[in-house]
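Here is what Swiss-Prot records for this protein:
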BINDING   D48, A49, E50, Y51, D52, S97, L98, E131, R154, E190, K304, K328  NAD(+) binding site
ACT_SITE  K133  active site, N6-AMP-lysine intermediate
BINDING   C422, C425, C440, C445  Zn(2+) binding site
DOMAIN    603-685  domain 'BRCT'
Amino acid sequence: MGAPTLPRIIPPVAEKLAEARQRVEELREQIRYHNRKYYVEDAPEISDAEYDALYRELEELESRFPELVTPDSPTQRVGGEPLEEFEEVRHAVPMLSLQNARRVEELREWDARVRRLLGPEEEGRLRYVTELKIDGLAVSLRYENGRLVRGATRGNGFVGEDVTRQLRTIRSVPDRLDDDPPGVLEPRGEVYIKLKDFEEFNRRRQERGERPFANPRNLAAGSVRQLDPRVTARRPLTIYLYGVGEGYENFESHSEALAALRRYGLRVNPHTVHGDIDSVIEECGRWAKKREALDFQVDGVVVKVDSREQQERLGAVQKAPRWAIAYKFEPLAGRTRLRDIVVTVGRTGALTPQAVLEPVNVGGVTISRATLHNEDYIKEKGILIGDTVIVERAGDVIPQVVRPVPEERDGDEEEFRMPERCPVCGERVSRPEGEAITRCANVRCPAQALEHIIHWASRGAMDIEGLGEKLARKLFDLGLIRDVADLYELRAEQLAPLEGLGEKSAQNLIRAIERSKERPFDRVLFGLGIRHVGSATAELIAERFSGEELLRGVGVEELTQIEGVGEIVARAVVEYFSLEENRKLVRRLMEHGLNFGPVRGKPEEGPLSGRRLVITGTLSRPRSEISDLIEGAGGTVTSSVSRNTDYLVAGENPGSKLERARELGVPVLDEEGLRRLLSGEERPG
């Protein structure tokens, strides 16, 4: 469609309601048109000054005639008042995750499976579509009669969170669709941040003395999940759409759906249609070479069967469709100088060496810090302070130093030595025999206390909306909280005067803290931050014992009778509940009404029913997601390898668990092997 007529740069203000209504509609139409040209098509037709004049006139008219303000007006993108909590949204069509391929051979194997399942009669009709796998936050947009009525996060694929007001603030998300869309249409896509915007955002945070975000994905996800949509509106978010949920039946193919989305005024992921797998593989290779030139973060190429009818015939396994696969790129790497090694203290007292680097650009992100894991890792790799080193970054994984470049040494390099005293509290540290981690044993160490509060409020534990790291640090530094029990003694009037909060946000935070009392005991147990006790282990223990029983004294022998709880975990639990400081904390939490009752176990059956699996190393998706898949298939995830372990799922850098599995003869699976078990293509041995 052509551009609507531009107004005068200094327009007269309409005085009559009827005249104002007509002018408001004209302005909204013009602004939507130019939003599409600028944010979707990247082809602006007017100057910023001209656009600002349109916007100012609309603001002035809506101010004079507030009855003309509508939720889908361009002026309403600023966000509105904060929410008290996110409401759940059940996806009518599940937002499935994808199988992964890391080698070309795996793409060919997938192609062969697709052809085998479709049969020879479909050979001539089979087409593939490739599109970039953007590293952001997956969301869905529901339009009814062309108007945006709801936006939601992917969540677990079946239930997400309602983030409509947050997504409305994104300029590339239109409130109304062009052309003639179906009555119900649910485009799906990835919210992300361009690399240059990410760098600028972090630069400003550092100037204000705030901690920078680790990567663009974390910033995008955190921005959308802000209870206050005004915060979202200030973040430089954009979106690419890659598919359709509800309403997909209106299209014959994926490529047809993408073309329609573009016609409706939505930003569509760059994509190509292919006639065979060789062409797909060539395209993956081209993007692998070009990815560092892109202005957004990608971690692979998604390959999809184009025909909707063929997709339906292929179906899905567990949480992944058979008709799509993600080809993952190799991790990005850069070369820089290791200036220093500093030591940080975590919530369990673990001292972790961290590399201080000369800033280096890796995949469009400037990296100045990277993990060195532990003292043994540094020695095994032969890393010296002052070395030239190779740094890798894969997806949202923390950057890591993978090796030094010894040939570039000049003799001024120094060996790293782990400090003998905690760098925060000054107490002596120790490294237990057989462990790789040096620890501060002072339970009153401020660094441990703060990290414990941050962990307690996290989504996997008590999920306290609005209590992020920044606010937790501020409350801790002001002396308002010293441990997690103090959270339940906070009052809104204490919080409201704090910079960046205010009365409404303070009340919302207090409500969120109160709601955390409803979390089941396994979440509380995980939130306590006991060494070796992850979310899966906490669930196993909480199914057998209550908090009161653990306080009274449950022995190592009783705990190890729980399937999946080994001696190391059991001793850690017993030690935790034997320390008077911890017992006082648990008693206070009980007095505040938190849930310490046992959790009823869930009967499970599936292809991994009765099997015990351990996960180790870096995987292509979050470990919690892998655990969910295993447990959804009837399996149990445990934390340590023993003779009772049926499988070890090993990613990159698997560590000592892989050696232990080999010693005991435990079968080792990569992600593809696990996928075959989950899908039923292979039966457990």
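From the backbone N, Cα and C atoms, a Cβ is placed for every residue, glycine too.
Values in this document were obtained by computation on a predicted structure and should not be read as measured data.
Sequence features annotated in Swiss-Prot and their locations in the structure.
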residue: D52; record: NAD(+) binding site; Cβ contacts under 8 Å, 6 or more apart: none
residue: L98; record: NAD(+) binding site; Cβ contacts under 8 Å, 6 or more apart: V302, A320, P321, A324, I325, A326
residue: K133; record: active site, N6-AMP-lysine intermediate; Cβ contacts under 8 Å, 6 or more apart: V298, D299, G300, V301, V302, A326, K328
residue: R154; record: NAD(+) binding site; Cβ contacts under 8 Å, 6 or more apart: M95, L137, A138, V139, S140, G160
residue: K304; record: NAD(+) binding site; Cβ contacts under 8 Å, 6 or more apart: Y128, V129, T130, E131, H254, Q311, W323, A324
residue: C422; record: Zn(2+) binding site; Cβ contacts under 8 Å, 6 or more apart: V345, G349, L351, R428, V429, C440, N442, C445, A447
residue: C425; record: Zn(2+) binding site; Cβ contacts under 8 Å, 6 or more apart: C440, N442, R444, C445, P446, A447
Work out, from DSSP, the number of helix, strand and coil residues along the domain 'BRCT' (603-685).
28 helix, 16 strand, 39 coil
Mean pLDDT for the domain 'BRCT' (603-685), rounded to an integer?
79
Out of C440, C445, which has the highest number of nearby Cβ atoms, where nearby means within 10 Å of its Cβ, if these are the binding-site residues?
C440
Take the mean position of the Cβ atoms of C422, C425, C440, C445, the recorded Zn(2+) site. Which other residues of that chain put their Cβ within 8 Å of it?
V345, G349, P423, V424, G426, E427, V429, A441, N442, P446, A447, Q448
